[in-house]
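Asker: Found this in Swiss-Prot, in case it helps:
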| type | residues | note |
| --- | --- | --- |
| ACT_SITE | HIS19 | active site, proton acceptor |
| BINDING | TYR14, TYR64, ASN66, ASN112 | tRNA binding site |
| SITE | ASN9 | site 'Discriminates between blocked and unblocked aminoacyl-tRNA' |
| SITE | ASP91 | site 'Stabilizes the basic form of H active site to accept a proton' |
Amino acid sequence: MKLVIGLGNPESKYSGTRHNVGFDVIDRLSESFQIPFTAGKGKYHFAKINWRNTAIVLLKPMTYMNLSGHAVVAAMNFYKIQRQDILVICDDLNLPSGTLRLRAKGSAGGQNGLKHIIECLGNDEFARMRVGIRLEDQPLSSFSSFVLGKFSEDEKKTMEKILPVCADAALDFSVNGIEHAMNHYNKPAA
């Protein structure tokens, strides 16, 4: 069994924001399998899907981004899932909009949801998919209001192209592992 976690903030006012791109990827998977989310045994919503003989739990923490680790640990304990079987999907202000980057492990890189998961798990040895949200003309100093802002119409078009790729990469991770997914979905920056 694999656990694929999309990071975001639970209130409807955050829907469509750059910070909720992890939720967007997970929602895309849930919709494509026509499996709705239900409340879990912790502060999370989940949907269970099967793909190529692999059970996959899709998870949306309902704890807010900065406390995501609590929901992740609760789900890992409930489903008895090990670190090597999780993939965390989040936004990344350091990557250009419309790109993705898979890694087997690594630092939080300024992403507070990842930071809290690392704190709760005690190390950074879990797979993650970072989805780029940075605009070319966006100064990195004003990141807080930017990440919590809604996508512009142009950004929405870009996201509509990358979200299915992210969903496919999450399925690839689930069936074939992080190295395979990295080899197929990590592309050099243009």
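The backbone N, Cα and C atoms fix where each Cβ goes, glycine too.
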Asker: Mind telling me which of the recorded positions ASN9, ASN66, ASN112 has the densest Cβ neighbourhood, counting other Cβ atoms within 10 Å?
Answerer: ASN9
Asker: Go through the recorded positions TYR64, ASP91, ASN112 and tell me which ones have a CA within 10 A of the CA of ASN9 (site 'Discriminates between blocked and unblocked aminoacyl-tRNA').
Answerer: TYR64
Asker: So which recorded positions are near ASP91 (site 'Stabilizes the basic form of H active site to accept a proton'), with CA atoms within 10 Å, out of TYR14, HIS19, TYR64?
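Answerer: Within 10 Å Cα-Cα: HIS19.
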Asker: List the other residues in this chain whose Cβ sits within 8 Å of the Cβ centroid of the tRNA site residues TYR14, TYR64, ASN66, ASN112, in sequence order.
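Answerer: Neighbours found: ASN9, HIS19, THR63, MET65, LEU67, SER68, GLY113.
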Asker: How long is the line from the C-alpha of HIS19 (active site, proton acceptor) to the C-alpha of TYR64 (tRNA binding site), rounded to the nearest angstrom?
Answerer: 11
Asker: Restricting to the same chain and to sequence separations of six or more, state which residues have a Cβ under 8 Å from that of TYR64 (tRNA binding site).
Answerer: ASN9, PRO10
Asker: Which one is it: of the recorded positions TYR14, HIS19, which Cβ has the fewest other Cβ atoms within 10 Å in this structure?
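Answerer: If we count Cβ atoms within 10 Å for the recorded positions TYR14, HIS19, the smallest count is at TYR14.
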Asker: Under a three-state reduction of DSSP output, how is ASP91 (site 'Stabilizes the basic form of H active site to accept a proton') classified: helix, strand, or coil?
Answerer: strand
Asker: If you run the three-state DSSP split on ASN112 (tRNA binding site), which class comes out?
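Answerer: It is helical.
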Asker: Once the chains shown are all counted, how many other Cβ atoms turn up within 10 Å of the Cβ of ASP91 (site 'Stabilizes the basic form of H active site to accept a proton')?
Answerer: 25
